[in-house]
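Take a look at the structure set out below.
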């Protein structure tokens, strides 16, 4: 008879969790930031608020965003005008749209990841789904499992309303699942649609205007597993360690409340300072065991909460300008897609590294860090190890 220790050892993988494939997707509807103030005040019937529109235009100009993809169209707003009001009851119709569309957008990204992975979907043992858009039972994880035709026995984890740090959360969760279940292949999906947060302008809610200028829609999927079979699987990044912490006395710094009017967001003006002043402590705790203290020796995948956050982090830890280039590129091309952002950046980094002939998937560097920031104020830190591009 086997002992409990023998059983536990047999259940565990031998090597670290590894990202084996990445896929991304967006809605078709693309809005350019240079035109967005005009569009936003027109579709929300707010063109009479001329001074507020000027403020919003300045916010858009400073956002460093070129374009975003948004599921919500002008036609949908005409049909459901309460969504475009500042504080009109609209949760029912928002929920109807979101609960249908979030799994569909997630499916598009998942299919791309599954195609890159190249293995039968029956080999997916676990599904981790994350969204800040909508809540229902059974959840978006259940709907996605059915849309993809995954096995009924797939072990599902559904994460709702984690916010912008959750790209790190899902990787941390997938790491634990992959390393503690030998042979596990974990499909991770983040799908975000801003239908839940879109609303018209108000003089009394400038933080809401910041959100309207920054957030976009997108979904990203990764497949994670330990001990890859290199004859049929291509490792991209190893997940070496993962940690989460929150900054004391900062619960209201980034906050969201689900109400009859949708999901309302509130931001403190000092969010960039709070994050930048606490990030080095996270770096030190993560990289002391490895013996790394030069933050410019790492490749960086940071959630692009906004240009002010990136500028503050860059200055505080003394980063070279090119370190956040991939992050700034995704912010420019897609806006802030909440939990999906860091996975988009991961995809951008490995593709650009290959295209530019770098020796590793991490811009030619071996070690990297992935950061997520969000409500709490919560910080997720994932230590990454890149893979040689000759194996890809």
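Every residue, even glycine, has its Cβ placed from backbone N, Cα and C.
Checking the candidates 20, 267, 343 against Swiss-Prot: the one annotated together with 55, 56, 57, 58, 305, 306, 307 at the substrate site is 267. Cβ crowding, taken as the number of other Cβ atoms within 10 Å, peaks at 164 among the recorded positions 164, 267. A C-beta separation below 8 Å, combined with a sequence spacing of at least six in one chain, links residue 57 (substrate binding site) to 37. Here residue 164 (active site) is positioned 11 angstrom away from residue 306 (substrate binding site), judged by their C-alpha atoms. A separation of roughly 8 Å, to the nearest angstrom, links the Cα atoms of residue 305 (substrate binding site) and residue 164 (active site).
Using a 10 Å radius centred on the Cβ of residue 55 (substrate binding site) and all shown protein chains, the other Cβ atoms total 15. Local packing around the binding-site residues 305, 307 was summarised as the count of other Cβ atoms within 10 Å of each Cβ; on this measure the leading residue is 305. A straight line from the CA of residue 55 (substrate binding site) to the CA of residue 164 (active site) spans 25 Å.
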